[in-house]
Amino acid sequence: MTTGAIAAVVFIALIISLVLTVPIGFSLGIASLAYIFATDQLTLGFVARNMVTGTDSFPIMAIPFFVFAGELMGGGGISKRLLDVANVFFGRIRGGLAIVTVVVCMFFAAISGSGPATVAAVGGMVVPTMLEKGYDKKFVLALIAAAGSIGVIIPPSIPMVVYSVTVNSSVSSLFLAGFIPGILIGLVLIVYSYVYARKAGYKGDTEPFSIGRALREVWRGKWALLSPVIILGGIYGGIFTPTEAAAVSVIYSLIIGLFVHKELNFKQMLDVTKRSCETTATILVVIGCATGFSKVLTLGRIPTTVATLLTTMTDSKVLILLLINLLLLLVGCFMETVCAIMILAPILFPVVTALGVDPIHFGIIMVTNLAIGFITPPLGVNLFVASRVGETTLDVVIRGIVPFLVLMIATLMLITYVPAISMFLPNLLG
């Protein structure tokens, strides 16, 4: 069979499975089987072995640890103390609660590595307060959904770990590269929140700022503030690897939640462990099946064919990167981030490397695109989490998300075409 025919068989099988609402991991497995039956070149054992080896990786071990740590931090009072500290410094500004929400999401992102976990942990605290203060519900829920998406851009980041394993790049360099883009997106959201609050007439906290109060809240939140210092400082100080840092974050969160804040009890521990296991199992099944699928694509020479097709359409680096961004934004509307990376990274990687794009820079482009997918209808997972937090229907969140989408896509274009935004820290410290 020709490469085009093989690609057609594989992707038709994948699309049919997805349309029939087969879970994405199993859909990838079915598509791999379609290749085997269509070409008669491989055995079932080949796909099964690659599924196992896809999850048999030291960097992949970071995923369950970061998922568990994020859940523990939400239940152990760390996120609440971050909110109190941020409120002291930013709460008095007009629209201060909205700004505090973005700041806390950025800080929590530097601990958890997960977008939905950030929305759930921070949203559960700030949404009721903002609604009580008279903020428009659709703005509040759209803001928390958008700010939560920063959780996968500012390190540590689960999608970055998956990307690094998929294309064999440095996790530490990716983490470094994510800082400035994540902070940039956060600043854009803060500026928009301030402008929106001024137009809507939202006022800041009436309690006057005092050094004493600020010092009290900082001291009270010291263990929460130390979390990213220990996790990220340990990585870049050469004390431990990103995977070991993930394990340290779990131990740290347990100690703080159980013995310092004393806000974790036995029932909460069971709930947190159950949610973490469910999330981790879903991710690892997808990674295993996607690894087998990517091997099948490679054997069928599909990535090479796609790369050749794109480069023959145009030799303009600007245009090809624009097309890739549009593809990733479209895929992000319908597909979970880890799945999209595992499927598309092997296909697009040869294209961007042929253009001279640094693999680390492309990783940030890809993760940022898919972070925007978290807030893009119809399947943006942060939209669903925000609607649950706000106890409302999905359409309320969708009505408020459009300005945030426009701003984040504009920032994505800046990140795409100004590589220094992503590469400054890796080049400086790498």
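In case you wondered, yes, glycine gets a Cβ from its N, Cα and C as well.
Over in TrEMBL, the protein carries these features:
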DOMAIN    11-421  domain 'TRAP C4-dicarboxylate transport system permease DctM subunit'
TRANSMEM  6-37  transmembrane segment
TRANSMEM  58-78  transmembrane segment
TRANSMEM  98-127  transmembrane segment
TRANSMEM  139-162  transmembrane segment
TRANSMEM  174-195  transmembrane segment
TRANSMEM  245-261  transmembrane segment
TRANSMEM  318-348  transmembrane segment
TRANSMEM  360-385  transmembrane segment
TRANSMEM  397-425  transmembrane segment
Message: I need to check the long-range neighbours of the transmembrane segment (245-261): which residues 6 or more away from its ends have a CB within less than 8 Å of a CB in the stretch?
response: 61-63, 65-66, 68-69, 72-73, 75-78, 81, 111, 113, 156, 223-224, 227, 230-232, 234-235
- prompt: Taking pairs 6 or more apart in sequence, does the count of Cβ pairs under 8 Å between the transmembrane segment (98-127) and the transmembrane segment (360-385) hit 3 or more?
  reply: yes
Query: Between the transmembrane segment (6-37) and the transmembrane segment (139-162), do 3 or more CB pairs sit under 8 angstroms, pairs being 6 or more residues apart?
result: no
